[in-house]
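I have placed the structure first, in the form of structure tokens, so that the comments after it can refer back to it.
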């Protein structure tokens with residue numbers, strides 16, 4: 001029997017008297033350090049911690065603490081790595097990497113809550129560490145402390161950004177909530193959409209009485225389990241079923257308004273007194289039933305029981321840059337152009353409107369500070385205020401002006417999604433860490449479910465990304481075609497899946513195209529079985545389209561000045577027949593500026609030992625294919641292409657306060673840092689397309705970054721830039737340059753037929 005669960009949670013409730021209401025604060029439980037925790041003080045105030053300030057990554061920032069209804073900072077006096085570890089663990093990271101004094105991440109505002117913090121490293125909260133006391137300090141905000149946490153998350157840790165209440169009185173703990181399917185039609189259904197609402201108290205599951213249960217309560221529970229709304233159910237069937245069973249009821253009731261992101265945010269409806277005659281807590285009622293409506297991506301379909309791939313069909317709102325289904329940076333469509341949302345006043349209620357609009361449940365995290373990467377283009381909405389019942393984010397109140405906002409404040413969300421059980425159909429075996437290993441899948445062969453390996457012949461980054469998504473481990477950092485160094489399960493050595501090819505939208509590896517039962521793997525499994533390595537964050541490369549449009553020009557260059565480029569095959573094949581003394585080549589030249597807007601540095605796939613030295617450029621190239629430069633006819637036929645042999649990756653320039661890390665000279669480390677860009681100027685060798693043989697006409701000019709997807713990115717849709725191009729034999733006009741995915745389909749089609757031009761004259765050098 002299938003049962004929907006949520007992760008362990010603790011609810012602290014206050015019930016002063018029957019008929020009065022109090023809010024339920026929410027305490028996420030997570031795995032603490034391996035050492036046994038010390039004896040906690042009798043009273044440890046409930047706080048929330050966040051990383052704020054001038055930061056570039058989600059796992060670093062100024063430490064801020066929410067206490068007594070107000071956010072405040074922590075002074076750097078006596079702060080240590082022990083304290084940094086506590087802060088990071090409290091936020092769900094396994095450990096701290098470093099801490100920074102003297103307001104490295106900017107000066108905070110308001111109170112300085114803690115000073116002279118002294119931790120031993122085993123506390124569960126910074127509130128348990130010794131200090132001068134709350135608000136007792138002689139510090140200034142120039143001494144605000146910051147931390148950088150490890151990328152690795154604590155397994156199973158769930159974040160709630162609901163602010164805690166301030167309660168006194170009776171302490172009641174609820175350990176878990178579930179929907180338990182009762183009718184046979186729902187017991188084998190995936191996902192579980194209907195059943196009794198039950199809570200776990202002191203290790204035992206108990207039903208919730210329906211005498212004070214409402215559809216608003218059901219809406220909240222459905223949202224917790226990844227469903228956008230509740231629906232009616234057959235009350236007669238459940239009444240008949242309930243009368244035949246003895247039930248153990250929870251002695252409390254809940255009173256939700258319907259817009260809460262979690263049952264823990266609802267109010268306590270009162271204590272249910274037992275009937276004096278029957279001694280039953282719910283003698284006049286029955287167990288509360290919850291029936292949910294799944295979103296499009298999770299609705300049952302004939303033959304499979306679920307959709308094979310998640311395809312975003314919502315025309316007004318989308319999520320970008322997330323590792324998993326139901327998470328990402330929020331983008332909205334306005335006047336045909338996609339733009340982001342500023343995180344001012346961003347909260348779970350507003351985030352839940354987006355999640356439900358996209359067919360998911362309520363929001364489990366409302367993320368601020370571009371935690372899932374920075375977007376591009378306009379910021380369309382700011383200071384959004386929703387009541388939680390809107391059909392679309394555009395129905396909420398918001399400020400159309402975004403003064404003071406920038407893409408460092410892009411809002412993001414993680415939604416509750418239905419439990420499909422996909423994570424139980426694949427595993428990683430033999431790796432040094434839980435995030436890497438040989439891929440083993442559970443497949444039906446000859447009527448029996450068995451574990452086996454995946455043939456690596458067609459294995460690449462996109463397939464590895466699906467595995468990491470399926471396991472909830474983030475993005476793929478590497479896709480391995482040899483795994484002899486990982487000793488997997490000896491009983492799973494046989495190849496059970498081959499010919500795997502994924503598009504990137506699938507929710508599990510089984511949804512990708514593959515050979516099915518007709519496994520064909522000439523190279524065999526064993527050392528050639530597929531493997532992956534997963535990471536929580538990924539880079540995101542975006543080309544500056546405006547710069548390409550502004551710097552494009554034609555140059556007639558003599559062949560004797562192109563000797564090095566000719567040797568590197570940067571010219572069209574007809575250059576082999578061109579006179580080296582009197583001939584020339586017509587070059588379409590331009591500058592390209594490639595930004596890393598993601599959450600991790602972009603690093604070449606190959607190690608330093610495989611880099612190639614280029615005499616002409618006098619440095620090593622780390623990627624053989626980093627970009628494609630193509631000139632296409634209007635029907636997509638390629639008529640000319642750039643032949644830039646390979647690339648050296650470095651930080652040409654960076655945003656303010658970001659240090660360059662990568663440089664090509666002197667065999668330096670190569671890559672592109674988050675917040676930096678690599679500039680290829682129009683006047684360097686091979687930064688062109690040889691159009692000597694191209695006839696006059698209208699064309700598309702296209703640039704694709706990381707075309708073979710050798711390096712994993714959080715978003716590949718923005719790796720393509722396309723321009724309209726008109727060439728009359730002597731002059732060229734480049735116009736309507738834009739990044740893939742930045743406009744609606746309708747607007748994209750208009751661009752392809754728009755005739756606005758920029759005049760770029762012929763240059764002779």
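A Cβ is built for glycine as well, from the same backbone N, Cα and C atoms used for every other residue.
Quick caveat, the model's predicted, so the values are computed rather than measured.
Quick look at what Swiss-Prot lists:
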DISULFID  88-149  disulfide bond
DISULFID  119-129  disulfide bond
DISULFID  209-282  disulfide bond
DISULFID  222-292  disulfide bond
DISULFID  342-405  disulfide bond
DISULFID  355-415  disulfide bond
DISULFID  386-396  disulfide bond
DISULFID  455-521  disulfide bond
DISULFID  564-616  disulfide bond
DISULFID  570-686  disulfide bond
DISULFID  648-664  disulfide bond
DISULFID  654-676  disulfide bond
DOMAIN    49-150  domain 'SRCR 1'
DOMAIN    179-293  domain 'SRCR 2'
DOMAIN    317-416  domain 'SRCR 3'
DOMAIN    426-535  domain 'SRCR 4'
CARBOHYD  279  N-linked glycosylation site
CARBOHYD  446  N-linked glycosylation site
CARBOHYD  635  N-linked glycosylation site
MOD_RES   680  2',4',5'-topaquinone
REGION    539-742  region 'Lysyl-oxidase like'
SIGNAL    1-19  signal peptide
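Of all Cβ atoms in the shown protein chains, 29 besides its own fall within 10 Å of the Cβ of residue 355 (disulfide bond).
Neighbour density for residue 282 (disulfide bond): within 10 A of its CB lie 25 other CB atoms from the protein chains shown. Residue 676 (disulfide bond) and residue 209 (disulfide bond) are 57 Å apart (CA-CA, integer value). For residue 386 (disulfide bond), the nearest of the recorded positions 149, 446, 654 in terms of C-alpha separation is 149. Mean per-residue pLDDT, taken over the domain 'SRCR 3' (317-416), amounts to 91.
Non-local neighbourhood of residue 676 (disulfide bond): 595, 596, 651, 652, 653, 654, 655, 658, 660, 661, each in the same chain, at least six residues away, with C-beta under 8 Å from its C-beta.
Highest Cβ count within 10 Å among the disulfide-bonded residues 119, 292, 664: 292.
Secondary structure at residue 129 (disulfide bond), taken from DSSP and collapsed to helix, strand or coil, is coil.
Helix, strand and coil content of the domain 'SRCR 3' (317-416), in residues and according to DSSP, is 16 helix, 39 strand, 45 coil. Ranking the disulfide-bonded residues 396, 415 by other CB atoms within 10 A of the CB puts 396 at the bottom. Around residue 342 (disulfide bond), a 10 Å sphere centred on its CB holds 25 further CB atoms from the protein chains shown. Listed in sequence order, 342, 344, 379, 382 are the same-chain residues at least 6 apart in sequence whose CB falls under 8 Å from the CB of residue 405 (disulfide bond). Between the listed disulfide-bonded residues, namely 129, 209, 455, 564, the fewest other CB atoms within 10 angstroms of a CB are found at 564. Of all the disulfide-bonded residues in the record (119, 570, 648), the one with the smallest CA separation from residue 635 (N-linked glycosylation site) is 570. Of all the disulfide-bonded residues in the record (415, 455, 570), the one with the smallest CA separation from residue 446 (N-linked glycosylation site) is 455.
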